[in-house]
Amino acid sequence: MLMNAYQRFPVTFVRGKGPFLYSDQNVEYIDCVSGIAVNCLGHAHPVMVAAAKEQSEKLFHISNLYHNDAQTALAQKLIRNSFHQQVFFCNSGTEANELAVKIARKYGHKTAPTKSKILYMKDSFHGRSTGALAITGQQKYQEPFRPLMGDVVECEFNNVEMAKALVNDDFCGIFIEPVQGESGIRAATPEFLQTLRDLADQHDALLVFDEIQCGMGRMGTLFAYQQLDVVPDVVTLAKALGGGVPIAACLTKDKANDVIVPGDHGSTYGGNPFVCAIANAVLTELVDHGVVAAVKERGSYTQKKLNLLRVRYPFIQEIRGTGLLLGIKFDESVVKSSDVVKAAFENRLLLVGAGDNVVRFFPPLNVTLDHIDVMVSRLEQVLETLVPQA
Ligand SMILES: *Cc1c(COP(=O)(O)O)cnc(C)c1O
């Protein structure tokens, strides 16, 4: 019936509340996946429910041939809270990156028809369309689908000298996740980000930050770049932007503004009133009601607890990340991250793996310390069963 695209766990969820999910057998699970960094307010948050109800009685959808007040309000709120000036709304992270590619290409073509190269990072993840996939530095995803979009060049993540050697005036864009999510919660060094900023300036290319996973408060600031001292020309958002409804955004500033003109790009659903009304409610909760401001403290509490597990279980090699963008790196010769995720599932704790033998620890951003205690102690029970027998 369904295309065989996903390997799924043997469970059907029918409802959720806060950090809990309930199966069709009414079994309670605690959710430390959050839809892969989407459900930033947990499940069935009252402000989202209220916004959905209210908007559904007014307007679900109109074409982007017309203005809609929910979209305008969301754009204003995002701009007010960022260093950027223009927004385009679309429906998924992949699409936001696809637009960022088009903006970089068109920007380059203003100077020269040959200024079309894009630098991307090894082990990056930017999405599954043939454009976004072309700048996703992972063979396993690209191989079956070649040829992909051309004129793209791979750089090792955090390799300053390599980036300097590669970038020249033929480049129109440089793409990076400030913290690589899918490949294992690996942070770019400040030196590397500054190098990319300098290279983009020297060669008149656009620096694009993909903050689809690390942005929207998960690191303790609404945007990751706000704590990195480097401001990108373009930033892409999705996942937690809608808190669970499909919405994404591509934001531009200064030289990246006004590249797109009528006829260049579009999206039937992009930024429709229904999703924007809900995203607005989410953003209000995140920014105005203190959810993001509390992430640092909740994050350091969680990191402390996870580090205690690391001391106790030496097959944990490292606790990675900032705020609540956390990864637990396991010693590959002892424990496979997929086995941790599986054993956790059997203990009704939902976790998701990442590359580099890492398990992501992604509670909702409004999680309470009590719920973190439950998550960590359940994880501890799981780890106890995975201790190698001497
Ligand atoms: C999830 C993700 C994407 C893709 O987003 P979709 O909404 O699945 O298209 C792109 N970049 C990063 C960093 C992501 O984590």
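Cβ coordinates come from backbone N, Cα and C, glycine included.
Proximity of D210 (pyridoxal 5'-phosphate binding site) to non-local residues of its own chain (separation of 6 or more, Cβ distance below 8 Å) is seen for G93, N97, A100, S124, H126, F175, I176, E177, V235, T236, given in sequence order. Marked as pyridoxal 5'-phosphate binding site by TrEMBL: G93, T94, F125, D210, E211, I212, Q213, T268.
According to TrEMBL, the N(2)-acetyl-L-ornithine binding site annotation covers R128, S267. Long-range Cβ proximity for R128 (N(2)-acetyl-L-ornithine binding site), meaning a same-chain Cβ under 8 A and a gap of 6 or more residues, is found for T94, T136, Y141.
The Cβ neighbour count for K239 (N6-(pyridoxal phosphate)lysine), using a 10 Å radius over every protein chain in view, is 26. Residues or ranges marked as N6-(pyridoxal phosphate)lysine by TrEMBL: K239.
With respect to ligand 1, the binding-site residues G93, T94, D210, E211, I212, T268 contribute G93, T94, D210, I212 as residues with a C-beta closer than 6 angstroms to one of its atoms, given in sequence order. Neighbour density around each Cβ, counted as other Cβ atoms within 10 Å, peaks among the binding-site residues T94, Q213, S267, T268 at Q213. With G93, T94, F125, D210, E211, I212, Q213, T268 listed as the residues that bind pyridoxal 5'-phosphate, the site has a largest C-alpha separation of 25 Å. Taking a C-beta cut-off of under 8 angstroms and a sequence separation of 6 or more, I212 (pyridoxal 5'-phosphate binding site) has the following same-chain neighbours: G93, A96, N97, E177, G181, T236, L237, A238, K239, A248. Sequence-distant neighbours of F125 (pyridoxal 5'-phosphate binding site) (same chain, 6+ residues apart, CB-CB distance under 8 A): T136, Q138, E177, Q180, G181, E182, S183.
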